[in-house]
Amino acid sequence: MALNLRKNHQILKIINDALIDLPTPSNISTWWNFGSLLGICLITQIVTGLLLAMHYTADTNLAFSSVAHMCRDVQFGWLIRNLHANGASFFFICIYLHIGRGLYYGSYLNKETWNIGVILLLTLMATAFVGYVLPWGQXSFWGATVITNLFSAIPYIGQTLVEWAWGGFSVDNPTLTRFFALHFLLPFVIVGLTLVHLTFLHETGSNNPLGIPSDCDKIPFHPYYTIKDILGFVLMLSLLVSLALFAPNLLGDPENFTPANPLVTPPHIKPEWYFLFAYAILRSIPNKLGGVLALAASILVLFLTPLLHTSKLRSMTFRPLSQILFWTLVANVLILTWVGSQPVEHPFIIIGQLASFTYFTIILILFPLAAALENKLLKL
């Protein structure tokens with residue numbers, strides 16, 4: 001009998017075991033589509049980014065004009081740029097939904113997969129930040145100045161660290177050049193980490209909405225989930241293309257249409273929408289180092305979720321108290337996002353402080369308490 005190449009060829013075998021013959025729970029819902037959507041986002045960003053890099057000049061005198069030239073004179077350059085800028089937004093929408101799914105269904109109990117995922121989130125945030133600096137508009141320049149300056153809050157070595165990162169005494173040409181180098185490099189780091197993420201995931205197999213072992217009821221990934229994923233791709237790419245064609249600047253800052261000027265500070269310096277929740281947490285602490293620590297903690301707290309799991313049930317499907325807390329947390333993050341976009345004045349300061357406090361309280365205290373209480377109520 002002839003060998004089946006798909007199952008025996010050294011390289012095809014890896015693809016087969018990951019995308020074709022992979023045993024998958026039969027009941028995973030659409031919330032499990034976001035992993036593959038993130039893969040598509042990554043591919044889209046690398047392709048569009050590569051095409052943009054071919055026309056971009058990483059120099060303070062030329063960066064802004066090179067981006068303008070791309071949009072005016074390069075064939076479909078405007079489309080490539082709009083897809084790349086809005087693709088970042090979709091990347092973050094997908095990753096936040098993916099993390100939310102993981103929190104709700106207890107997927108974080110696959111500890112290695114979860115920890116690599118948090119590292120992936122941090123890498124993605126770094127990539128988006130350095131990328132936002134490249135067009136060298138006002139928001140780019142001042143965003144870079146404000147955020148890199150946060151490192152100066154680190155005791156003793158802070159100032160030295162910031163000047164080393166800048167390559168001088170302020171954000172200038174060396175900063176732009178190194179940010180371009182990093183922005184080119186990091187997506188490939190993300191690809192590598194993604195492969196590690198998948199390797200760990202395929203050691204244990206996917207979780208499912210019931211949070212129970214599904215070894216007795218597995219189906220092959222292809223054709224069931226390949227077709228389901230393709231539907232997800234079509235829907236997401238349709239939304240991305242619609243946004244890029246009909247409202248390309250909807251999520252951007254108008255300030256970035258003004259070339260960078262170190263002598264003029266914009267009235268409101270705020271990051272892109274996907275960083276606003278963390279920015280609100282940073283601003284709600286009236287101390288530089290405290291704010292920086294809270295900002296770091298807002299993401300790093302995800303590393304603690306596997307350690308804080310007290311429930312005897314994995315998923316929240318049958319845990320109404322935890323569900324209420326989960327959706328309160330979602331609303332809380334949306335409030336933080338809104339507060340982060342507002343100026344620092346009376347009602348917003350206190351709302352931001354309350355929302356920041358609630359964010360950490362829910363994750364660190366209320367989730368474990370509610371789960372322990374549910375164990376009691378359900379006599380587990």
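Glycine residues also receive a Cβ, built from the backbone N, Cα and C atoms like all the rest.
What Swiss-Prot says about this protein:
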- His84, His183: heme b b562 binding site (BINDING)
- His98, His197: heme b b566 binding site (BINDING)
- His202: ubiquinone binding site (BINDING)
- 34-54: transmembrane segment (TRANSMEM)
- 78-99: transmembrane segment (TRANSMEM)
- 114-134: transmembrane segment (TRANSMEM)
- 179-199: transmembrane segment (TRANSMEM)
- 227-247: transmembrane segment (TRANSMEM)
- 289-309: transmembrane segment (TRANSMEM)
- 321-341: transmembrane segment (TRANSMEM)
- 348-368: transmembrane segment (TRANSMEM)
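Taking the Cα atom of each, His202 (ubiquinone binding site) and His98 (heme b b566 binding site) are about 17 angstrom apart. By the criterion of other Cβ atoms within 10 Å of the residue's own Cβ, the least surrounded of the binding-site residues His183, His197, His202 is His202. A Cβ distance under 8 Å defines the sequence-distant neighbours of the transmembrane segment (321-341), meaning residues of its chain 6+ beyond its ends; these are 100, 103-104, 270-271, 273, 275-281, 283-284, 311, 348, 351-352, 355-356, 358-359, 362-363, 366-367, 370-371, 373-374. Of the recorded ranges 34-54, 114-134, 179-199, 227-247, 348-368, the transmembrane segment (289-309) has the largest number of C-beta contacts under 8 angstroms with 348-368.
Here the Cα atom of His183 (heme b b562 binding site) is found 21 Å from that of His197 (heme b b566 binding site). Proximity of the transmembrane segment (34-54) to the transmembrane segment (227-247) is established through 3 or more Cβ-Cβ distances under 8 Å for residue pairs spaced 6 or more apart. For the pair formed by His84 (heme b b562 binding site) and His197 (heme b b566 binding site), distance between Cα atoms is given as 24 Å, rounded to the nearest Å. Nonlocal intrachain contacts for the transmembrane segment (227-247), taken as residues 6+ away from its ends with a CB within less than 8 angstroms of a stretch CB, comprise 30, 33, 36-37, 40-41, 44, 79, 82-83, 85-87, 89-90, 94. There are 20 other CB atoms within 10 A of the CB of His98 (heme b b566 binding site), with all protein chains counted.
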